[in-house]
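Here the structure is laid out as structure tokens; the discussion comes afterwards.
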Amino acid sequence: MKQYIDLCRKIIHEGCWIKNNRTKTRCLTIINADLEYDVENNQFPLITTRKISYKSAISEMIGHIRGYRSAKQFRDLGCNVWEANANQNKSWLSNPYRKGRDDLGRIYGVQGRSWKKHDGSHLDQLRKVIQHLKDGIDDRAEIITFYNPGEIEMGCLIPCMHTHTFSILDKKLYLTSYQRSCDVPLGLSFNQIQCFILLALVAQITNYKPGKVYHKIVNAHIYENQLSLMRDVQLKRSPYPLSKLIINPKIKKLEDIENWVSSDDFKVINYRFHGKISYPFNV
Ligand SMILES: Nc1nc(=O)c2c([nH]1)NC[C@@H]1CN(c3ccc(C(=O)N[C@@H](CCC(=O)O)C(=O)O)cc3)CN21
Ligand SMILES: O=c1ccn([C@H]2C[C@H](O)[C@@H](COP(=O)(O)O)O2)c(=O)[nH]1
């Protein structure tokens with residue numbers, strides 16, 4: 001929790017006001033943040049200074065792993081956070097690539113699971129990385145990237161956590177995750193959980209001990225309409241000790257995640273939290 005609180009304080013003390021054209025809202029912004037999560041010692045980075053819907057964050061990650069492109073698919077898994085980006089942003093609603101209600105376009109998992117190649121075939125980046133790791137291979141490019149500059153206009157949003165690199169060191173698996181843009185009050189509460197479970201899950205299905213996640217953020221911001229809740233409510237609270245995460249040991253392969261895994265396969269132990277805070281969501 002300390003690193004999250006320090007980041008929020010840093011944005012408030014050192015941030016610059018930047019007008020964001022997409023949302024028409026000003027953001028207090030800093031450039032560069034480095035966070036770490038200790039998966040080896042099961043220090044689950046679930047925010048304690050407000051109640052977090054962690055099941056929704058876990059379901060979102062499962063959806064990206066499955067390559068979902070519709071807000072309905074996310075909803076059916078128990079994650080409602082893509083509804084607004086699919087159906088409320090004016091420029092996406094008039095985008096010719098949008099395939100009707102709930103469509104998100106070629107975002108995140110669509111690129112991760114079916115990157116279009118020059119010859120018309122598709123590349124499954126995640127399957128390649130998992131196969132390599134299982135075979136003990138780290139080619140120093142065990143990279144899954146959702147950022148396809150040639151298809152940006154085909155999605156409702158440019159992927160925020162856009163690249164995940166896995167590394168093997170001393171029989172342990174590490175993850176470095178890159179994020180270009182971070183809504184610290186809302187998005188980061190989810191993204192920390194997602195980085196953690198991505199390493200924990202991939203380590204489990206490739207038979208490695210998990211090590212750490214290194215989470216590298218470029219633009220970290222607090223929207224103007226979120227600032228007083230963060231400064232005067234959330235940051236006034238004292239954090240509780242971190243919780244632990246138990247993942248169903250029956251999850252053994254990628255197909256399990258594709259076919260039956262849900263947020264019910266993730267149990268959070270000892271989650272103590274302060275009351276709910278409803279931050280505004282800027283579409
Ligand atoms: N402005 C903005 N911020 C984001 O964090 C964000 C986007 N847009 N667009 C795409 C995704 C969607 N994400 C979101 C969107 C909403 C919540 C949110 O409203 N969270 C509530 C609880 C929601 C629930 O109960 O499921 C929260 O209080 O954390 C979280 C992540 C992260 N992303
Ligand atoms: O996983 C996510 C997804 C999105 N966000 C936030 C970061 C920004 O506030 C918006 C995206 O807006 P852009 O104008 O495309 O940067 O969503 C996040 O924090 N985490």
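Using N, Cα and C of the backbone, Cβ positions are placed for all residues, glycine too.
Going by TrEMBL, these are the annotated features:
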DOMAIN    2-282  domain 'Thymidylate synthase/dCMP hydroxymethylase'
BINDING   Arg22, Arg180, Ser181, Cys182, Asp183, Asn191, His221, Ile222, Tyr223  dUMP binding site
ACT_SITE  Cys160  active site, nucleophile
BINDING   Asp183  (6R)-5,10-methylene-5,6,7,8-tetrahydrofolate binding site
Rounded to the nearest Å - Cα separation of Tyr223 (dUMP binding site) and the residue listed as 'active site, nucleophile': 16
Sequence-ordered binding-site residues from Ser181, Asp183, Tyr223 with Cβ under 6 Å of an atom of ligand 1: Asp183
Among Arg22, His221 [binding-site residues], residue with fewest other Cβ within 10 Å: Arg22
List of residues, in chain order, with Cβ under 8 A from that of Asp183 (dUMP binding site) and at least 6 apart: His221, Ile222, Tyr223, Asn282
Other C-beta atoms that fall within 10 angstroms of the C-beta of the residue listed as 'active site, nucleophile': 20
Recorded dUMP site residues Arg22, Arg180, Ser181, Cys182, Asp183, Asn191, His221, Ile222, Tyr223, farthest C-alpha pair in Å: 21
